[in-house]
Amino acid sequence: MTLRLSRRAYAEMFGPTTGDRVRLADTELLIEIERDYTIYGEEVKFGGGKVIRDGMGQSQRVAADVPDTIITNAVILDHWGIVKADIAIKHGRIAAIGKAGNPDIQPGVTIAIGAATEVIAGEGLIVTAGGIDTHIHFISPQQIDEALASGVTTMLGGGTGPATGTNATTCTPGPWHMERMLQAADGWPINLGFLGKGNASLPQPLVEQIAAGAIGLKLHEDWGTTPAAIDNCLSVADDTDTQVAIHTDTLNEAGFVESTVAAFKGRTIHTYHTEGAGGGHAPDILKVCGEANVLPSSTNPTRPYTINTLDEHLDMLMVCHHLDPSIAEDLAFAESRIRRETIAAEDILHDLGALSMLSSDSQAMGRVGEVIIRTWQTAHKMKVQRGALPGDGARNDNFRAKRYVAKYTINPAITHGIAHEVGSIEPGKWADLVLWEPAFFGIKPSMILKGGMIAVAQMGDPNASIPTPQPVHYREMFATRGGALARTSLTFVSQMAADAGIAERYGLAKRIVPVRNCRNVTKADMIHNAWRPSISVDPETYDVIADGQLLTCEPATVLPMAQRYFLF
């Protein structure tokens, strides 16, 4: 007997299917389901009178043969596709993406459900990989709470707390600080990795930081990013298979952007805030987007360009870089970094895939909880101002969505050598997953999973008779408590440090994971974000020309994903 359902009725019961479209929050962005792994009439759903019951959708298989958790009928949005599927999680990892059910009585089942299987209802929800923020100033540990609640599950950067050096630079300097920060990482339900200070002209001060556990090194102009320091730092990185991140020389004291590029010598490097408002050769650091060995990212205060962007940056910059507004030279330094023309061009370079990643610059000219929001606000602004991208059309923005989601998931993972563990929703990877109601997509996740266990969720009054009564707000769940914390989150270190046994020497509880393949990455590896234009910046007008085209756009006067969703 066959029952025909309308698309609306089907979507309300099992979530959208192939050809259905979903609006992302209150933006103008629409995604369309490209494939449905489930089978019509054989869908599984949990609840009273539903399918996942003993002898029906639940089989008799033992724990070894079934997942620990399934997310049913979810819409997956990832760099590789936009699909509807059931997601299986086993031993903290994504085990399969496919069709769940009871293979004894149902056709086409690729994921067997058993008595050992927990169910998370994904009907009508969007699932993305946990975000990766690669520009963290570890100024206050409370940043981690904000980041996790926003959908970020991995934080990479440097610092030691609210020290003056950390307020300005993302460096955890020296073996002693590195050991202490790695020990502190055991207390937080998020994946962490730390960058050492890369500013030295001889290798040993850098090698000892890698040996102590640094996943890479950070070159910052406030410590002196000279060509000699750049060359030495990259040489150490090549020898240790670690990444280098750089904040270049805003004042052009030791050379211009061409001098910095020459010091790279074709070696891989991650350029932070590549537009320059966050720091870097004024006014033309954007030129490095055309280099094959440069992996460029933005920080979120300039994302997207709005009528308020310029006004907030001056005071923000003065505080972050320990400048004095009463000193003319300090004021000139600050003003040289804030250029409306290059900020406007930054929007377009993101939309065209020339800027590959987006990060926060947390508490140091950036907002740790707004990486994901500002990524999608930029995508919306570009859709409104520039129309559909090639490959998209009137029906959907699938390619644009894949391009933008890659900026804070897979591309940062590839850049920093952790893509074998995190950064996408693929079998074998750590199950760091974020569930969103479409109306709140990118803004307020419903639930965040770490290593296959619920870490943070929107939860109502714990004394209520059901989970939903007010006040509903983000609360930490069982993955953040006791021994579960150390078994659901990762600490990334260098291979050198892992081989030297720092986990035992430091007494670390979390699983440590060595970074790898950091030195053979090129711009071509930046998924959906590999464009290498030839860029010039007029030194007087700051006009940005990319492959002969003037890049300019108007500032936004209103944005989605903003006051509609927040009381304050």
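Numbers here mean position along the shown chain, with the first residue as 1.
Backbone N, Cα and C define each Cβ position, glycine as well.
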(message) Per Swiss-Prot, which of H247, H281 sits in the Ni(2+) 2 site along with K218, H273?
(response) H247
(message) Based on Swiss-Prot, name the residue from D347, D351, D361 that is recorded for the same Ni(2+) 1 site as H135, H137, K218.
(response) D361
(message) Comparing the recorded positions K218, H220, H247, H273, H321, which residue's C-beta has the most other C-beta atoms within 10 angstroms in this structure?
(response) K218
(message) Measuring Cα to Cα, how far is H247 (Ni(2+) 2 binding site) from K218 (Ni(2+) 1 binding site) in Å?
(response) 8
(message) For the domain 'Urease' (130-568), what's the mean pLDDT in this predicted model?
(response) 96
(request) With a 10 Å radius around each C-beta, find which of these binding-site residues (H135, H137) has the fewest other C-beta atoms nearby. (result) H137
(request) Work out how many Å separate H135 (Ni(2+) 1 binding site) and H321 (active site, proton donor) at their Cα atoms, rounded off. (result) 16
